[in-house]
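According to Swiss-Prot:
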- H108: active site (ACT_SITE)
- Y26, G27, S28, Q29, R49, S53, D83, E84, I85, Q86, G134: NADP(+) binding site (BINDING)
- D191, E227, E231: Mg(2+) 2 binding site (BINDING)
- D191, E195: Mg(2+) 1 binding site (BINDING)
- S252: substrate binding site (BINDING)
- 3-182: domain 'KARI N-terminal Rossmann' (DOMAIN)
- 183-328: domain 'KARI C-terminal knotted' (DOMAIN)
Amino acid sequence: MAVQMEYEKDVKVAALDGKKIAVIGYGSQGHAHAQNLRDTGHDVIIGVRPGKSFDKAKEDGFDTYTVAEAAKLADVIMILAPDEIQQELYEAEIAPNLEAGNAVGFAHGFNIHFEFIKVPADVDVFMCAPKGPGHLVRRTFEEGFGVPALYAVYQDATGNAKNIAMDWCKGVGAARVGLLETTYKEETEEDLFGEQAVLCGGLTALIEAGFEVLTEAGYAPELAYFEVLHEMKLIVDLIYEGGFKKMRQSISNTAEYGDYVSGPRVITEQVKENMKAVLADIQNGKFANDFVNDYKAGRPKLTAYREQAANLEIEKVGAELRKAMPFVGKNDDDAFKIYN
């Protein structure tokens, strides 16, 4: 199904005007949404638990409250805490303070779609999901444009939920460059699949496998790192800018021929079947339940996965090589760490 891109001119109702907005969480997305909305003239407060994020929000000039206090004061509440803590945060501090006619928003549909959070029928539920990390949402806004976003309505109690979603997207700068309407189901399942099968899980597994093939064949680990990881950014940037066509126009004929001949030997029909199995586990809720149950148990699986990943040879080789390349990593990493 084709969807139509919408822009600022399509946001017909200033649905956030006169509303008190509470951004719950001051992490990667939270700081960006809050600051952008404030800069577009909206009345924004922050709800966050005591700690570094609380202090940072106050330092940035926001009226900062506990989550419960902010939820009680607000008309529109955007929950931007990590997915795994949203349920307990909502049940303990937000739900008891909701009133009929309030609106609750999310930047990802995980907890609503999989029904970890159930919002009363007299409250709107909407989504504004920028397609980029928070530091980029903020930086591009300050530069005069923005990051595209998806928007959705899960529950329209007041008849105004879509207007709120679109006006929120406008307030954070996304409508400057483009909005796409979606559903909670579609955004959640596609987002998780993209992360797991391609962007994060698939990509890192592909890089690691390539590194292992080369080093096991006797090639120097340092050279293998450059071939399968370091140069990845150069290729991805070309695809990002102009699709596969621009990338293939920019590489050598040798590389292009090898692309066509060998790509299908690596990503076979069996790999596609494996991807379908990943999608099925997302659709039926298995992944979501496994993730939430691991969090509730103290994150034993996630902790073990992190330790295993940190000890990969490619990570150790890369850390040493990057010391000799000071130009690598000069971006927003330090700013990003502040908010996580």
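Keep in mind that glycine also has a Cβ here, set from the backbone N, Cα and C atoms.
Taken residue by residue with DSSP, R49 (NADP(+) binding site) is part of neither helix nor strand, so it is coil.
Applying DSSP to the domain 'KARI C-terminal knotted' (183-328) sorts its residues as follows: 123 helix, 0 strand, 23 coil. A coil conformation is recorded for Y26 (NADP(+) binding site) in the three-state DSSP classification, outside any helix or strand. Summary: among the binding-site residues (S28, S252), the fewest other C-beta atoms within 10 A of the C-beta are counted at S252.
Between the C-alpha atoms of S28 (NADP(+) binding site) and the residue listed as 'active site', the distance comes to 13 Å. Counting neighbouring Cβ atoms within 10 Å of each of the binding-site residues (D83, D191, E195, E227, E231), the lowest count belongs to E231. R49 (NADP(+) binding site) sits 28 Å from E195 (Mg(2+) 1 binding site), counting Cα to Cα.
E227 (Mg(2+) 2 binding site) sits 38 Å from Y26 (NADP(+) binding site), taking the CA atoms of both as reference points. The closest partner of D191 (Mg(2+) 2 binding site) among the recorded positions, by CA position, is H108; the full candidate set was Y26, D83, I85, H108, G134. On a Cα basis, I85 (NADP(+) binding site) lies 36 Å away from E231 (Mg(2+) 2 binding site). Cα-Cα distances to D83 (NADP(+) binding site) place H108 within 10 Å, out of the recorded positions H108, E195, S252. Counting only residues at least six positions away in the same chain, the Cβ atoms of D83, M127, A129, E187, T188, D191 sit under 8 Å from the Cβ of the residue listed as 'active site'.
For I85 (NADP(+) binding site), applying a Cβ distance below 8 Å and a minimum sequence separation of six or more within one chain yields Y295.
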